[in-house]
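Chemist: Okay, so TrEMBL annotates it like this:
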- 21-38: transmembrane segment (TRANSMEM)
- 50-72: transmembrane segment (TRANSMEM)
- 81-111: region 'Disordered' (REGION)
- 85-95: compositional bias 'Basic and acidic residues' (COMPBIAS)
- 127-251: domain 'Palmitoyltransferase DHHC' (DOMAIN)
- 171-196: transmembrane segment (TRANSMEM)
- 216-241: transmembrane segment (TRANSMEM)
- 334-394: region 'Disordered' (REGION)
Amino acid sequence: MQKFFLGGRLIFGPDARSLPVTLLLISVPSIIFCIFVARHLRHRFSPYNAGYAIMVVTVVFTIYVLIILFLTSARDPGIIPRNSRPPEEEPHHDSSVPAQAGNRHTPGRQFPRTKEVMVNGMQVRVKYCSTCMIYRPPRCSHCSICNNCVERFDHHCPWVGQCIGLRNYRFFFMFVSSTTLLCIYVFSMSALYIKVLMDDNHRTVWEAMKESPPSVVLMAYCFIALWFVGGLTGFHLYLIGTNQTTYENFRHRADNRINIFDRGCPSNFDEIFCTKLNPSKNNFRALVQEEVPRPTEEAKADVGGDTHLKIEVDLENRQDLLKISEQHSIEEGIDLSKISQRQNDEENDSRESNDPLRSTLEADSIMGINHRASVTMTRSDPEPSSYGNSSEIAADSHINSTVTIKEAGRLFE
């Protein structure tokens, strides 16, 4: 986990405790050199005080290396902000990976592990990071030590206690190359002091080395250090010239991939040292805002199940209402048929007796039928459900149609 100081202004890696060791490995040899070597060379050159320049250069060069080390270790290497939830893309549901949700099983959500993007006119495969819940940009990788995805990830350096990425690779190379030059400088001045001692009293090399043991120790220390920092400087010069990272170099060497980022040696050096660094994508000094959690797949499944249950209940109620409406229609049809039969009998009787009030009876019978029809229409519930309206209207329409047909038939007789 990253370590923050001064309110998020300084960002160190999780292994920042190794940084003081690196500081001692640089500053202690420089201090020894100034005390036991450079101090004796102050008046060895003409003009008389020209030897002070050796000590001044050593101090300034050491301070410069420490500042570059600080800039490498205490800045954001290019950390990509992680998501608090998966990306808004359609996941693949894998039924072979069930997820428990109460008493039901829901398929596991799996995002595609890779997808294709275009870089310099060629397709590049980027991977999905399940830890940061993002699709990593090209040349980005997840550091297992820092537990972050870093842009243009090169490697994690334990000596600086920080990942080396897009925003601090320039300073890392300057630190390594400057340390190499400092080692060469200290080694050369220590050897020069041994030569001065040999010339003063016409001594041999061994006698001069016995007179200044610190010079011998510094020469041995710088020689060993040069194998590391010098070799590292040469290796990174090759990486910059071919526009590769340490991670890509080892991976491409194993996979025999073509480097699509190489734009030529001059352009590659210009990209590393002359390109303006983009600001950090993280605001480590901002307050953390709580996000409203998005409904999970299990919750959506529960809501969907309740909705389906309500629809099934409503459909059953609707079927019951339709059956009741049909039963009412049948009963009303029977009542109307009885009324029509009785009216027909009365009409036949009136015809046989030649009653002059025949027309009056016909009118009264028609009014009676209309009255019964209206009474039948008001028998339904004054506040029917939304699903029963269509059935009751259909029943009423059936009754009205029956009454109208019988009235028309009787009038035409």
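Note that Cβ sites are derived from N, Cα and C of the backbone, with glycine treated the same way.
Burial and contacts for the listed features, if you can.
Modeler: Panel annotation: around the transmembrane segment (21-38), residues 51, 54-55, 58-59, 62, 65-66, 69, 159-160, 179, 182, 186, 189-190, 193, 212, 214-215, 217-218, 221-222 of the same chain, lying at least six beyond its termini, place a Cβ under 8 Å from a Cβ of the stretch.
For the domain 'Palmitoyltransferase DHHC' (127-251), the number of residues in each DSSP class (helix H, G, I; strand E, B; coil) is 76 helix, 17 strand, 32 coil.
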Chemist: Do any residues, 6 or more residues outside the transmembrane segment (50-72), come within under 8 Å Cβ-to-Cβ of it, and if so which ones?
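Modeler: Distant Cβ neighbours of the transmembrane segment (50-72) are 19, 22-23, 26-27, 30, 33-34, 38-39, 41-44, 160, 162, 164, 168, 171-172, 174-175, 178-179, 181-182, 185-186, 189.
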Chemist: Taking only the residues in the domain 'Palmitoyltransferase DHHC' (127-251), give me the average pLDDT of this model.
Modeler: 92
